[in-house]
Amino acid sequence: MKPVFSVDQIRRAENTLFELQADPDELMISAASAVADVALAMVDGPAPAVSSEESILLLVGPGGNGGDALYAGAFLAEEGHHVDALLLGNGKVHQSALAYYESLGGQIISDFPPHYLYRLVIDGLFGIGGRGGLTPELASLVESFSASGIPILAIDVPSGVHADSGELPPGVMVTVEGFDNDAPMARQKIPAHIDADVTITFGGLRRAHAVSPACGEVLCADINIAGGGGKSLSAELSQVQAEDATPQMFASKAYQRKDSLFERANLKATAPHIHRIGQHFTVLNMEPGPDHDKYSGGIVGIVAGSGTYPGAAVLSVKAAVRATSAMVRYVGPALNFVIQSLPEVVATQSLATAGRVQAWVHGPGRGLEAEQSAELAELLSRPEPVLIDADSLSLLQLSAELRQALRERKAPTVLTPHKGEFERIAAELRSEGVEIPQADKDPIGAAQALAKEFDCCVLLKGKYTVIAAHDFVHAINAGHSWLATPGSGDVLSGLVGAHLAQSYAELNRLPEFFPDVTLSDSAIYTQIAPAATIHAVAAGLAARTEFGFAPTSASLIADAIPAATAKVDLKRIV
């Protein structure tokens, strides 16, 4: 797990170090050294089939990012690699970095080269201050590398990717070589950004690293200067964040594949100062305590399913059963299906007869009628945590009264929309004058805005899941895309609901030991990220076979929750 910072915070921390540098390029050289270490690890791996040479190409922009690339290229040339630099700054270049690069044998080229000459491409074009996309000509060159499997290492942020939001520029139309001009596929739309295989950044993560697949595998190296007692960028960033008193942001990666650069090149051994994004949570242990029973461990109540969608109830309840040793209650018309599949569940048809519950889940496959709306209104009036998913999110979209009830609610609430559900709710709020960013352009800002509007926690689902509350943001890269299967959201709701119930039960025991402690909603919300991580790990395990990965299903994901729970690093805090 790594902290995430805005561009403004990065700039302010860097400026402090710039003022203390003994040499104008001291910090840049420190960054370039890390770039070179990663580049060496990448070229030591298997060579692309189309690459006939061992050369390295630098794409060099006019600013500091280009300077990083040139200094890194100099270090690589010093190691004996042939390095070419394509200067793309319209006559502007970091002069001292260029001079050092050339002094160590680095070459300058002026024409766009054929892709097969290179073993690795280093993107030093835009950096975190860049705006806009690549030109059609440059986009075509980059596409030729990507299409041929030649790896690209981006410095700081892949060029074209907005560092604060992860937003991508519109694609560009190009004429592809090898086709007649009037051929149907001669003109194609290609990305106007760089899709990196690896991104190396410094001091801490940028927001784009937390949400953009264009960054590829993200690695982070701390950089420092000799002056000021050896100050580091990470320390300055922590100071800036403390001064801002803004919500803390973190990013993590759930499922670590064995074929990653970090594993393949043994980068941890060769460059221990460079780190990947990991898990590392401090969370509640799911093992019952010695004084627990089926009630005290946290009972989750799941209100889901209908005559049309009984399977949604089964999947959500199954996930909860697999995630907790405590009792799971079911409320809804699909109780026969649920009990047949999961006889340990206590089922009823009505909230009035549900019994004691520590957290509620409402919505999966439940329906959009007046009965379901009344159920949701009833749950919003109760003190227990409520997770709102699927059909219940649509009920919020359709009912101004329910939205107002949510605003007035004083108990913990979690919304779990995918981007389509998010946008439907956001459209209603925008019509009321509320500013909500688009989820596909700025997922962090969008989730934060919705969480602020309803004073709740928002879990915006996707391969990159964003969890936002009033005082923190946590983005989780699943590490794969196997969650894109019907019913996986129902599984997530039951899994998170079980964690909420246990968290609510455990945290309410704290006053026994710490009578002066006042509990906040955030203490419960922080347990959502481990649940989402377990969900992603379970999908990875469910998709894994002895021969490799293959399509999986929501049922198999639910079955893999116990193994995923054991795999994720958990620590008891109570």
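From the backbone N, Cα and C atoms, a Cβ is placed for every residue, glycine too.
The annotation in Swiss-Prot ties Asn65, Ser159 to K(+), and of the candidates under consideration, Asp37, Asp123, Asp182, Asp195, the one tied to the same site is Asp123. Using Asp123 (K(+) binding site) as the reference Cα, a 10 A cut-off selects Asp156 from the binding-site residues Asp156, Gly365, Lys463, Thr465, Thr485, Asp490. For the region 'NADPHX 2' (418-424), the list of distant contacts is 390, 393-394, 397, 438-440, 443, 446, 450, 460-462, 489: same-chain residues at least six beyond its ends, Cβ to Cβ under 8 Å. Take the CB of Ser481 (ADP binding site) and look out to 10 A: across all protein chains shown you find 13 other CB atoms.
Residues Leu59, Gly61, Gly66, Ala69, Gly124, Leu125, Phe126, Gly127, Gly130, Ala154, Ile155, Asp156, Val157, Pro158, Ile194 surround the recorded K(+) site, their Cβ atoms falling within 8 Å of the Cβ centroid of Asn65, Asp123, Ser159, which are themselves excluded. Shown for the region 'NADPHX 2' (418-424): DSSP residue counts in helix, strand and coil, namely 6 helix, 0 strand, 1 coil. For the region 'NADPHX 1' (127-133), the DSSP-based tally of helix, strand and coil residues reads 3 helix, 0 strand, 4 coil. Of all the binding-site residues listed (Asn65, Ser159, Thr465, Thr485), Thr485 has the fewest other CB atoms within 10 A of its CB.
Following the DSSP three-state reduction, the secondary structure of Thr465 (ADP binding site) is strand.
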